[in-house]
């Protein structure tokens, strides 16, 4: 029985968890990605600069990342289900309180801090439990779950635009907050696993809800003796991947933030502008599923695939500012969205490959914590560059150049892994070849 429970389910109720995570991704990251629709409205309402207004998104992104290790630690003491439900309540509170719109500092604290914490407490456990429920199909399961943000963003673009036109940006925030309460429903469907959230090795089958208190206590005992492995920062492989994460985070949130203002500067009608976010979400969705399916075939090493997609994203961002009308902007946006989707589909899988599943939960929380510096600095830096250049195109050039730099660290990481692999083979080969000789030497003397 123990042998049976030693492996991840790789299906069954795991697909219910994937669907729940799919919706959680949509109600968290998709909202963050389409927040650019509120950018101009809030900027005009408070009469602030682009760099000042962009701090709302910056705070959200930073808290989203900073809260990840806290969410991972809470999974140890409680369950993924509890943390996700808490995240849903926090996300609702952030949007509902943002409805009052007292001043810019209030927006930083509500739609920035509270919303970011809610996203972190929802996203981190959701993506973590999916990785534990699957092993052989992990890349595909993660791709399907992460695709939720694309599917929802596809409809959120025109829907949020309609909400703003009908109820104003404040009323739209309140309604969106109410929709985010569905995160709590998804959290309730995330049945805890028998193994701990941060326990080394594999997951076990799900706990039947009818079990007694004695078994729950027995399953809690391994959770308490291992918490969070901060020593991962001493591993060169993890450090290199974390640096990649910082540079990538500096770039990932810039294009969605400035895509809408760029379209306005080109004189594109508002009704067409909202469709750009739908196009972005649609091709993003396709990119995630296609890349997840391809990665699941194990034809190409995942880190090589990630390096290629990052290079293609940076190229598309460098070309996007060349657009001068709706058609060309939509085409370049499509290229960016597709390659972005392929990247997001596998970057968590690459993290699991780099550190191994025994340390995955600690690595995920720590990776998000370190990556927060990039998410915190990226949008304001891009906003400052836009203010200095007087052109929204400058933000896209900055994002593309940063991604090129991040790809370099993936190449270094891959070289390091290959060197260590060759070194281990060289060390083990002489041992195997010299083992027979002592016995032959003894036979001679006999």
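Keep in mind that glycine also has a Cβ here, set from the backbone N, Cα and C atoms.
Annotation source TrEMBL lists transmembrane segment at 12-35 (among others).
Per TrEMBL, the feature domain 'Major facilitator superfamily (MFS) profile' maps to 14-418.
The list of residues near the transmembrane segment (55-76) in space but at least 6 beyond its ends in sequence, with Cβ under 8 angstroms from a Cβ of it, reads 32, 35, 39, 42, 82-83, 86-87, 104, 107-108, 111-113, 115-117, 119-121, 123-125, 128, 196-198, 223-224, 226-228, 249, 253, 257, 361-362, 364-369, 371-373, 375-380. According to TrEMBL, the feature transmembrane segment maps to 55-76 (among others).
Under the heading transmembrane segment, TrEMBL lists 83-106 (among others). Cβ atoms under 8 Å from those of the transmembrane segment (83-106) belong to residues 24, 27-28, 31, 42, 45-46, 48, 52-53, 55-56, 71, 74-75, 112-126, 169-171, 173-174, 176-178, 180-184, 186-188, 190 of the same chain, restricted to positions at least 6 beyond its ends.
Outside the transmembrane segment (112-133) by six or more residues, the chain places 8-10, 13-14, 17-18, 20-21, 24-25, 27-29, 31-32, 55-68, 70-72, 74-75, 80, 83-84, 86-95, 97-98, 141-142, 145-146, 180, 183, 186-187, 190, 193, 195, 197, 203, 348, 352, 357, 360-361, 364-365, 368 with a CB less than 8 A from a CB of the stretch. TrEMBL lists 112-133 (among others) with the feature transmembrane segment.
As annotated by TrEMBL, transmembrane segment applies to 140-160 (among others). Counting only same-chain residues 6+ beyond the ends of the transmembrane segment (140-160), those with a CB under 8 A from a CB of the stretch are 14, 18, 21-31, 33-34, 37-38, 126-127, 130-131, 133-134, 172, 176, 274-278, 280-282, 284-285, 288-289, 291-293, 295-296, 341, 344-346, 348-349.
TrEMBL lists 172-190 (among others) with the feature transmembrane segment.
As annotated by TrEMBL, transmembrane segment applies to 238-260 (among others).
Long-range contacts of the transmembrane segment (272-291) within its own chain (CB-CB distance under 8 A, at least 6 residues past either end) are made by residues 30, 33-34, 36-37, 143-144, 146-147, 149-158, 160-161, 256, 259-260, 263-264, 305, 309, 326, 329-330, 333-346. Positions annotated as transmembrane segment by TrEMBL: 272-291 (among others).
As annotated by TrEMBL, transmembrane segment applies to 303-323 (among others). Same-chain neighbours of the transmembrane segment (303-323): 248, 251, 255, 262, 266, 291, 294-295, 329, 331-333, 335-336, 339-340, 342-343, 346-347, 350, 353-354, 393, 396-397, 399-401, 403-404, 406-407, 410-411, 413-414, 417, counting only residues six or more beyond its ends whose CB sits under 8 Å from a CB of the stretch.
What TrEMBL records for 329-351 (among others) is transmembrane segment.
Packing against the transmembrane segment (363-382) from elsewhere in the chain are residues 51, 54-55, 57-59, 61-66, 68-73, 120, 124, 127-128, 228-230, 232-233, 238, 241-242, 245-254, 257-258, 348, 351-352, 354-355, 394-395, 398-399, 402: each is 6 or more residues past its ends and has a CB under 8 Å from a CB in it. According to TrEMBL, the transmembrane segment annotation covers 363-382 (among others).
Here TrEMBL flags 394-413 (among others) as transmembrane segment. Sequence-distant neighbours of the transmembrane segment (394-413) (same chain, 6+ residues past either end, Cβ-Cβ under 8 Å): 237, 240-241, 243-244, 247-248, 250-252, 254-255, 257-258, 262, 303, 306-307, 310-311, 313-318, 320-321, 354, 378, 381-383, 385-386, 388.
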Exercise for the section: For the transmembrane segment (329-351), could you work out the same-chain residues 6 or more beyond its ends whose Cβ comes under 8 Å from its Cβ atoms? Expected result: 127, 131, 138-139, 142-143, 146-147, 150, 241, 248, 252, 255, 259, 262-263, 266, 268, 275-276, 279-292, 295, 302-303, 305-306, 309-310, 312-313, 316-317, 319-320, 322-323, 360, 363-364, 367
Completion exercise
Spatial neighbours of the transmembrane segment (172-190) not adjacent in sequence (6+ beyond its ends, CB under 8 Å) are 16-17, 19-21, 23-24, 27-28, 31, 38, 79-85, 87-89, 91-96, 98-99, 111, 118, 122, 125-126, 129, 160, 163-164
